[in-house]
Amino acid sequence: MKIVRLPAILLTALLAVTGVLTIGAGPSSAAPGCPDVQVVFARGTLEGGAPVGFTGQSFAAALDNRLAGKSVRTSAVRYPASGNFNNRVAFVQNVVTGIRNAQAQILSTIRRCPGTDIVLGGYSQGAAVVAYAVADRFDIPAKYERYRSQAPDPLPSEVARHISAVVLFGPPSARWLRDIGAPPIRTGGAYRGKTARYCNGGDNVCDGAPVGQPTAVHVLYSVDGTTVRAADFSARRIR
């Protein structure tokens, strides 16, 4: 896989934010059939086990096991999770598609099931998608101000109280993202106390190493017990 830098203009189009999404009027109580917990998970680049991915499947199963007596439903963030980094425009569109879909699922869940606890998760590229979806601010250079309208809007602040946990497996480090011309992952302030990042030792995607082919340990999160730890973290934050 050849990794290329994203032009600043495309980068800005991807991550600039403007305006506010709205939750809209919803039912005063949870609709019949609403789960106690809704997991929204974004798989990694070309990860097997689509649409949720092996990591998402492992995490959801572990969380379900930890929440005996509660119903847990899992849905996948619908986006290509493409590894076509050479097509810069396609890559930007790929991530934007994931951000928009994650946000749409969050808002839809809140409208239909306001009493449901939402848990967000993502692996590798999916971790970046999920984190960007709950970002509340990006530092956009003044010379690219005109591109703000081309990217997804931030979620309204009241969404945060519906999201119990955010778990990120092997999220790209600031160094990795900088090397490909993307901004660092910054979840919104209201989510930081409920966000956990998991990075295996030697995982060059998330440990601050320069950009390069992912090391073998990057693919172990679904089988090395990390998803169990993430499930414990999330379960403690479920109402």
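Using the three backbone atoms N, Cα and C, a Cβ is placed for every residue, glycine included.
Some features that TrEMBL has for this protein:
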- 1-30: signal peptide (SIGNAL)
- Cys34-Cys113: disulfide bond (DISULFID)
- Ser124: active site, nucleophile (ACT_SITE)
- Cys199-Cys206: disulfide bond (DISULFID)
- Asp203: active site (ACT_SITE)
- His218: active site, proton donor/acceptor (ACT_SITE)
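Cβ-based neighbour count (10 Å, all protein chains) for Cys34 (disulfide bond) stands at 17. Closest in space to Asp203 (active site), of the recorded positions given as Cys34, Cys113, Ser124, His218, is His218, taking the CA atom of each residue. With respect to their backbone Cα atoms, Cys34 (disulfide bond) and Cys199 (disulfide bond) stand 33 Å from each other. When the recorded positions Cys113, Ser124, His218 are screened for a C-alpha within 10 angstroms of the C-alpha of Cys206 (disulfide bond), the residues that qualify, in sequence order, are Ser124, His218. Ser124 (active site, nucleophile) counts 28 other C-beta atoms within 10 Å of its own C-beta, drawing on all protein chains shown. Geometry remark: Cys113 (disulfide bond) versus Cys199 (disulfide bond), CA distance 33 Å. Cβ neighbour count for Cys113 (disulfide bond): 23 (other Cβ atoms within 10 Å of its Cβ, all protein chains included).
Each of the disulfide-bonded residues Cys199, Cys206 was scored by the number of other CB atoms within 10 Å of its CB, and the largest score is that of Cys206.
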